[in-house]
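Chemist: Take a look at this one; I'll ask things after.
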Amino acid sequence: MTKLLNFVILASVLTVTAHALTYDLNNSDELFKNFAIKYNKTYVSDEERAIKLENFKNNLKMINEKNMASKYAVFDINEYSDLNKNALLRRTTGFRLGLKKNPSAFTMTECSVVVIKDEPQALLPETLDWRDKHGVTPVKNQMECGSCWAFSTIANIESLYNIKYDKALNLSEQHLVNCDNINNGCAGGLMHWALESILQEGGVVSAENEPYYGFDGVCKKSPFELSISGSRRYVLQNENKLRELLVVNGPISVAIDVSDLINYKAGIADICENNEGLNHAVLLVGYGVKNDVPYWILKNSWGAEWGEEGYFRVQRDKNSCGMMNEYASSAIL
């Protein structure tokens, strides 16, 4: 049934032009019906359904516009296509500046700041993908909780541990959401603050002991799976130097403006501005070149059905999505 609906949504109602895939907006009602079935959407009233349908139509228009404007990426319907842009960004991101829960507990004594600006001294590999080196754990889903900061931080620690010890861990984002004394749970936070909180508390908990449920809960004391020895915050100013950092350090937590990627499906996003301000935390896991177009590879936390099995690519060397900023970070094991 799912495969049939995929075919209906992705094939039978698409018009293929010379440059892009474009939905026929006259088929919006049929598309919405199939969308609701595919993603198991239920609406409590006719009024709610009408609102969601209008959101869906607006997203179809944005998808068409993105596909016509983009040279290297495809945008399409996904499970969030019945949300308006503001609601989606509010519910499924979570990078928030200036939202300290408890400023008195915040010291930054363990976090060193590194400016990434000079050109690399060594010759770098043309491509790097930490997924091919068993340095990235499976994609997760933050659901409707502004906890991207926790997912990005945990993904960074999981990757570094996997690279160092050749052992995959599944660590608890929920423990960070509940127990981080600096960030604000589902209301948002920052990755380097999360690392500071981990250092203050003493360690990271396994997901087996505290599985993710996607809303703020009560902090409980669980045994630590591992500890970290320090943290770094990076001021990103040079994308070539960032390549070197990625090679030497491993996957890195980065902050972006994800607004232009809501409907991303595949390819290299060549139009990703920073017009809305930084709002999302993800994990930088690699880089490459395809058809002379350089790109970054990033791991999202919106589940494996979004994008390229939970990942996305953006064009390199143009500060895509505002990625060159002062909020990248990494743990030190």
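The backbone N, Cα and C atoms fix where each Cβ goes, and this holds for glycine too.
Since the structure is predicted, the reported quantities are computational estimates derived from the model, not experimental observations.
Take a look at what Swiss-Prot says about it:
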type: ACT_SITE; residues: Cys148; note: active site
type: ACT_SITE; residues: His280; note: active site
type: ACT_SITE; residues: Asn300; note: active site
type: DISULFID; residues: Cys145-Cys186; note: disulfide bond
type: DISULFID; residues: Cys179-Cys219; note: disulfide bond
type: DISULFID; residues: Cys272-Cys321; note: disulfide bond
type: CARBOHYD; residues: Asn170; note: N-linked glycosylation site
type: SIGNAL; residues: 1-20; note: signal peptide
Chemist: Could you check what DSSP calls His280 (active site) once collapsed to helix, strand or coil?
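Modeler: Where His280 (active site) sits, the three-state DSSP reduction gives strand.
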Chemist: Using a 10 angstroms cut-off on Cβ to Cβ distances, just flag whichever of Asn170, Asn300 is the loneliest among these recorded positions.
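Modeler: Among the recorded positions Asn170, Asn300, the sparsest Cβ neighbourhood within 10 Å belongs to Asn170.
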Chemist: What count of other C-beta atoms do you get within 10 angstroms of the C-beta of Cys321 (disulfide bond), across all chains shown?
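Modeler: Here the count is 30.
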Chemist: Provide, as an integer number of angstrom, the distance between the C-alpha atoms of Cys148 (active site) and Cys272 (disulfide bond).
Modeler: 19
Chemist: CB neighbours of Cys219 (disulfide bond) within 10 A?
Modeler: 16
Chemist: Can you tell which of Cys148, Cys186, Cys272 has the least company, meaning the fewest other C-beta atoms within 10 angstroms of its C-beta, among these recorded positions?
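Modeler: With the recorded positions Cys148, Cys186, Cys272, fewest surrounding Cβ atoms within 10 Å: Cys186.
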Chemist: Have a look at the disulfide-bonded residues (Cys145, Cys179) and report the one with the fewest Cβ neighbours inside 10 Å.
Modeler: Cys179
Chemist: Considering only the recorded positions Cys145, Asn300, Cys321, which residue has the minimal Cα-Cα separation from Cys219 (disulfide bond)?
Modeler: Cys145
